[in-house]
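Contents: one structure, followed by commentary.
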Amino acid sequence: MDKLRMVLHENSGSADFRRCSAHLSSFTFAVVAVLSACLVTSSLGGKDKELRLTGGENKCSGRVEVKVQEEWGTVCNNGWDMDVVSVVCRQLGCPTAIKATGWANFSAGSGRIWMDHVSCRGNESALWDCKHDGWGKHNCTHQQDAGVTCSDGSDLEMGLVNGGNRCLGRIEVKFQGRWGTVCDDNFNINHASVVCKQLECGSAVSFSGSANFGEGSGPIWFDDLVCNGNESALWNCKHEGWGKHNCDHAEDAGVICLNGADLKLRVVDGVTECSGRLEVKFQGEWGTICDDGWDSDDAAVACKQLGCPTAVTAIGRVNASEGTGHIWLDSVSCHGHESALWQCRHHEWGKHYCNHDEDAGVTCSDGSDLELRLKGGGSHCAGTVEVEIQKLVGKVCDRSWGLKEADVVCRQLGCGSALKTSYQVYSKTKATNTWLFVSSCNGNETSLWDCKNWQWGGLSCDHYDEAKITCSAHRKPRLVGGDIPCSGRVEVQHGDTWGTVCDSDFSLEAASVLCRELQCGTVVSLLGGAHFGEGSGQIWAEEFQCEGHESHLSLCPVAPRPDGTCSHSRDVGVVCSRYTQIRLVNGKTPCEGRVELNILGSWGSLCNSHWDMEDAHVLCQQLKCGVALSIPGGAPFGKGSEQVWRHMFHCTGTEKHMGDCSVTALGASLCSSGQVASVICSGNQSQTLSPCNSSSSDPSSSIISEENGVACIGSGQLRLVDGGGRCAGRVEVYHEGSWGTICDDSWDLNDAHVVCKQLSCGWAINATGSAHFGEGTGPIWLDEINCNGKESHIWQCHSHGWGRHNCRHKEDAGVICSEFMSLRLISENSRETCAGRLEVFYNGAWGSVGRNSMSPATVGVVCRQLGCADRGDISPASSDKTVSRHMWVDNVQCPKGPDTLWQCPSSPWKKRLASPSEETWITCANKIRLQEGNTNCSGRVEIWYGGSWGTVCDDSWDLEDAQVVCRQLGCGSALEAGKEAAFGQGTGPIWLNEVKCKGNETSLWDCPARSWGHSDCGHKEDAAVTCSEIAKSRESLHATGRSSFVALAIFGVILLACLIAFLIWTQKRRQRQRLSVFSGGENSVHQIQYREMNSCLKADETDMLNPSGDHSEVQ
C-alpha cells in the first residue's frame, strides 16, 4: 500500500514537472519566433533592397536583378512593358527607357526569382513600389528573366531640318548612331512644346505632319507618342518602343518654334497707332486673322502685345477693313493672360473657314485717352455714366447693364460700391449717337475696361436707356430753411435718404467746401444749435474731416462720430456768401470788363440798374485789381448772353467781398437789352487773377429722372464659408441683395469643379453635402444643379432656378478645392498641437515640410499662424530611419512681416518621399510665459491669445492659480502669487480676469474666469508668480524624454536576451538533474519534484503580485 502510494505520488510529481517544463519551453519558442519574424519583416522593409543590371554592354543595359535579404535574384518578364522599364531606368540614373526585353535576352540568371507580374504606372521612384505578386512568388523559370535597355542621354540627339534655321523643320532623332524621323500619328502641340523646349527654341508656335518639311529617310524611330508637354526630352514621352511604327516617311512630323518663326504683329488702316486691322507676319509674309470667336480676351492679348495695354473693343466684320493675301489664323481663343496672340489656341497656321470680309481688328488705348465720369447726379459719385475715349464722349447704354457693372464703375472712381443703378429719361431730340456697350462684368474688375465684351461705337440704343449710378460714397448736400438759397440747415443725401448733420461733426472747412459745391461762394458763418430749425429723420453719425480745398463734400474723409449720440436740437446750419463767383469778361486786361455772376451754376451778366461805384470798388478789391476808376454804361464790353441777373447789391464800399454786401432781387425790374454792369479798375501789376471757371451747365441735364433702384450688390458673387480657408467651405451665392446657400441634391464633382474654377481655387477634390461645413442661413438660392464642368460660373449650370428648392439648410452643399491649404504640427501626443512635425495640407493630402533653409523667422510665422505663440525652436529631427513620408515643399524662407506661411517663398510644390531627418520638427514657445523675473520661473504672467501677448488681472489671484502656472511651465510648485504688478506693468491686452483655479488644472485656461479680453483692470494690477524651480527648456525636456526612451529600449533588449539565456540554461540544468535522479534513489526524486513544483507555484504567485512583470526571486 505504501509502495502504491509512493508510485502514485511519483507519477503525480512527474506530471507537474512535465507541465511546468512544457510551459517554459513554449514561452522560449514563442519569444524566439517573434524575434525571428521581426528580423525577417525588417529585412523586407525596403532599406536593404538594391537594383542592378548585369550582362549588358554598359551600365544602362542588361538583365534586371534585385537584392533582397542579402540575396540577388531576377525578375520574371510576365507583364514587362515600357512603363516598368521607365521606372527601372530612372531608378538607375539612366533616365531614358529604350527597350523592354524578356526571355533571358541578356542570358539567364540564377538563384531566386524575386518578382513576377510587375505592373507600374511609370511614375514610381523604385521598382518595388510597383505592384507585383509578392516577394519570391512566381510561375516562371530563369528562361523568362527580364532585361532593359536604357540610355543616359549621351548617345541621343535631336534636331530640326529643312526649315531654314535650327528652330523649325522636320524632326530628326539620332539613336544608335543613326538619324531617323518621327511619325505624325497623334502628334500635337504638346509634342511640339517638348521639342522646342529641348532645343531651347522658345515656345511651340505650330506643328505639322504629312512631311510638310519634306520626307526624311532611314528609320522611323517614334510613332503614337504621348506627351503632356512637361517632359524634358521627346524620348521621355510614352511610346511603344524605339523603331515600332505603322507609318512611312510621307507622315514625318515637323514643328515651328517661336525663335525660328520670325513672327510679328501689327495694326493697319486705323485712326491711331493702337487701332485698325490686325496682321501677322509668318514665314516672311503678312496675313490677317479671321474674326471667328474673336472677343475681348483676344483683343486684350493683341493690345498688350502691341504696347497699347487697354483693349477698347474687338472689331469684327462690321468695322474692320478688308486685307489681302493669307489668312493666317482662325478661331483664336485666348484666356487674356498670354503674352502673344499665337500662344492662344487656334487652328493650324493658314487653315481657316472665312474670307477677308471677316478680318479681325482692335481698338486699343494706352490709357491716357480713357476717362470715366458720372455727371448730373449731384456729386462725382452719382449720375449718368459718361466715357471719353480718344476725345470722343459717349454715354453707356443700359442694355445688359446691372449692379455688377455699376459696382466696377464706383470702385474705379473711388466711390465705394454701387447702391443702385437706373435708367435716365431723356428726350430723343437730345440723343447722342455714341454708345459704350458692356455685356459682362463679374464685379471684381478694377476698371470698366477690364470687363468682357464691351464695344464702342455705332450700334443703336434706346435713348431711354442711358445708364445712371448712385455709389455708396455719394453725398449730395443742400441747405434748407434759410431766407436765401445759400443759407440754411445742412442736409446730406446718402443714396435716397436725406439726413441732417450734428454741429460737432461739421467744421468751418467743411462749410467752405459745401458753399463751393452749391455754387454759393464762400462761407460767411457756421451756426449750430438748430439755428434754422430742427430737421427730422436721419442724423448722420459721421464727422466730416475736410481740409477746405475739396470741390465736393463727398471728397472729404469721414469718420464715426467721436462724441456718441446727437439730437436734432444740434442740427448744423451754414450761411454762404453766394455771390463771390464773379468775373470780368471781354476786357483788354483782367481788371476791366462786363460783370458776370455765377448763380446756382449759371453764368449771366449783372443788370446795371443799381450798379454804382461803391459796388464796383468792392468788386475791384475782391478781384485784387486795386480800386474802381469808372463804371461805363452802354455795354462797352458787349451785351453778353441772354441771361441777365437782376440782383441788386447794396455795398458801402468797405466790404472785402461782394458776398458781404446786402443783396436784393425781389421786385427788381426787368433789365432791357444792353443794360449790363461794367467796371474799369486801377489794376495791380504785382498780382494776377486766374480766370474763373467758365463752364456752363445745361439746365435740361438736371431733369429729374424716373429711377427703378434695386438693392446693392457686393463685389463678390460667390464665396466659401466656414472651411478654414478661401478654397474650402459651404458654398454661398449672392443674389438679389442676399447671401444664400446651394442644396446638395445632385451635387457632384462637376458642380464643385465649377465653383473651384470660378474662385481660382484649382479643381475640386471633394463635393460635400449634408451641411458638412455647418448649416447656413438665409435663402437657399439653387437646387438640383447639373454642371458639365466647363461652365465659368455656377449659375450658368442647369438648375431649378433662383430660389426654387425642396431642401433645408441641413442639405447645404460645400466643396474642398485643390488650392485649399492648411497647417498643423503632428506629435505622438494627440493633445499636443504646438509641437511636432510640420505638415501642410495641399491638393487633397497632408505632407511634411523640409527643414532646408528653415529659419527662426519661418518658425515664428508657423507658431503665430497656429495660434501657439510668437516664436519657437527647430527641434532635432526624428532618428527613425525606417519611416518615409510624403513631403510637399522645402526651402521655405519667410522674411519679416508675413502673417501666414502661404506668403513665404519656397521651392515649388513637389510631392516626394522623405525621411524624418529631412522633415521640419518645431516646438513653439509656450502659450504662457513669465516676464521681468529674476529667473525663468518667476515674473509677470503673460498669455498668448488672439495673435498677441497680454497679461492677467490680479482680481481673485491666489496660490492655487499660481500653482497651475508653475506646473504648466515645469517650474515646480508655487511659492508666491504676486499682485499689483509685482514684476512691473505689462502692455497690450489684459486677457484674463477673475481667474479661480482649484490648483489641479493642467493649464491656466482650464480654470474658470471671465471671458477672454473682458476686464475692468489696468496694468497696475498685473498678476505674477514665483515658483520653486528653474525650468528646463522645452527642447531639453524633449531631449530628455527621447534619451529616456532610447535607454529604456536598450535596457529592454538586454533584459529580454538575459531572460532567454536564463531559460535555456535552466532547461539544460533540469535535464542534468533528471539524469542524476535515476542513480540517486526515491528521496532524490521526491526532493527534485517538490522543488520544481514549488518553483512553478512561486513563479505564478509572483506574476500575480507583480503586474509590472518583474520576475525577481521572492524570499
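Cβ atoms here come from the backbone N, Cα and C positions, even for glycine.
Since this is a predicted model, take the numbers as computed values, not measurements.
Among the features that Swiss-Prot reports, disulfide bond is placed at C120-C130 (among others). Counting Cβ atoms from all protein chains shown, C120 (disulfide bond) has 21 others lying within 10 Å of its own Cβ. Mapped onto three states, the DSSP output places C120 (disulfide bond) in coil.
Swiss-Prot lists 158-258 with the feature domain 'SRCR 2'.
Feature annotation from Swiss-Prot assigns disulfide bond to C183-C247 (among others). The secondary structure of C247 (disulfide bond), as reduced to three states from DSSP, is coil rather than helix or strand.
The secondary structure of C196 (disulfide bond), as reduced to three states from DSSP, is helical. For C196 (disulfide bond), the Cβ neighbour count at a 10 Å cut-off comes to 25, with all displayed protein chains included. For C196-C257 (among others), the entry in Swiss-Prot reads disulfide bond.
Taking Cβ-Cβ distances under 8 Å and a sequence separation of 6 or more, the neighbours of C354 (disulfide bond) in its chain are C290, D291, D292, I327, D330. The disulfide bond annotation in Swiss-Prot covers C290-C354 (among others), and the record cites sequence analysis as its basis.
DSSP classifies C397 (disulfide bond) as strand under the three-state reduction. The disulfide bond feature in Swiss-Prot is assigned to C397-C461 (among others).
Its Cβ taken as reference, C410 (disulfide bond) is surrounded by 25 other Cβ atoms within 10 Å in the chains shown. Classification of C410 (disulfide bond) by DSSP places it within a helix. Marked as disulfide bond by Swiss-Prot on the basis of sequence analysis: C410-C471 (among others).
The domain 'SRCR 5' feature in Swiss-Prot is assigned to 477-577. Here the domain 'SRCR 5' (477-577) has, by DSSP, the following mix of helix, strand and coil residues: 19 helix, 38 strand, 44 coil.
Annotated domain 'SRCR 6' per Swiss-Prot: 582-682, in sequence order. Residue counts for the domain 'SRCR 6' (582-682) by DSSP state, with H, G and I taken as helix and E and B as strand, are 13 helix, 34 strand, 54 coil.
The disulfide bond feature in Swiss-Prot is assigned to C607-C671 (among others); the stated evidence is sequence analysis. Around C607 (disulfide bond), a 10 Å sphere centred on its CB holds 22 further CB atoms from the protein chains shown.
Neighbour density for C661 (disulfide bond): within 10 A of its CB lie 20 other CB atoms from the protein chains shown. What Swiss-Prot lists as disulfide bond is C651-C661 (among others), and the listing cites sequence analysis.
Annotation comment: Swiss-Prot describes 718-818 as domain 'SRCR 7', evidence class sequence analysis.
Positions annotated as disulfide bond by Swiss-Prot: C756-C817 (among others). C756 (disulfide bond) counts 24 other C-beta atoms within 10 Å of its own C-beta, drawing on all protein chains shown.
Residues annotated as domain 'SRCR 8' in Swiss-Prot, with sequence analysis given as evidence: 823-925.
Mapped onto three states, the DSSP output places C863 (disulfide bond) in helix. Taking a C-beta cut-off of under 8 angstroms and a sequence separation of 6 or more, C863 (disulfide bond) has the following same-chain neighbours: C834, A869, D870, R871, G872, I922, C924, A925. The feature disulfide bond is assigned by Swiss-Prot to C863-C924 (among others).
Annotation comment: Swiss-Prot describes C894-C904 (among others) as disulfide bond.
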Most Cβ neighbours within 10 Å: which of the disulfide-bonded residues C247, C671, C817, C894, C1017 is it?
C817
Site of maximum Cβ density within 10 Å, from disulfide-bonded residues C183, C471:
C471
What is the average pLDDT across the motif 'Internalization signal' (1090-1093)?
35
Spatial neighbour of C410 (disulfide bond) that is closest, considering only the disulfide-bonded residues C130, C247, C756 and their CA atoms:
C756
Please compare the disulfide-bonded residues C651, C924 by how many other CB atoms fall within 10 Å of each one's CB, and tell me which has the fewest.
C651
By CA-CA distance, flag whichever of C183, C247, C397 among the disulfide-bonded residues is nearest to C671 (disulfide bond).
C397
Highest Cβ count within 10 Å among the disulfide-bonded residues C130, C290, C904: which residue is it?
C290
Provide the number of Cβ atoms within 10 Å of the Cβ of C257 (disulfide bond), excluding the reference atom itself.
27
About how far apart, in whole Å, are the alpha carbons (Cα) of C247 (disulfide bond) and C196 (disulfide bond)?
23
List only the single closest residue to C471 (disulfide bond), chosen from the disulfide-bonded residues C196, C894, C904 by CA-CA distance.
C904
Taking only the Cα atoms, work out how far C183 (disulfide bond) lies from C130 (disulfide bond), in Å, as a whole number.
31
CB neighbours of C397 (disulfide bond) within 10 A?
22
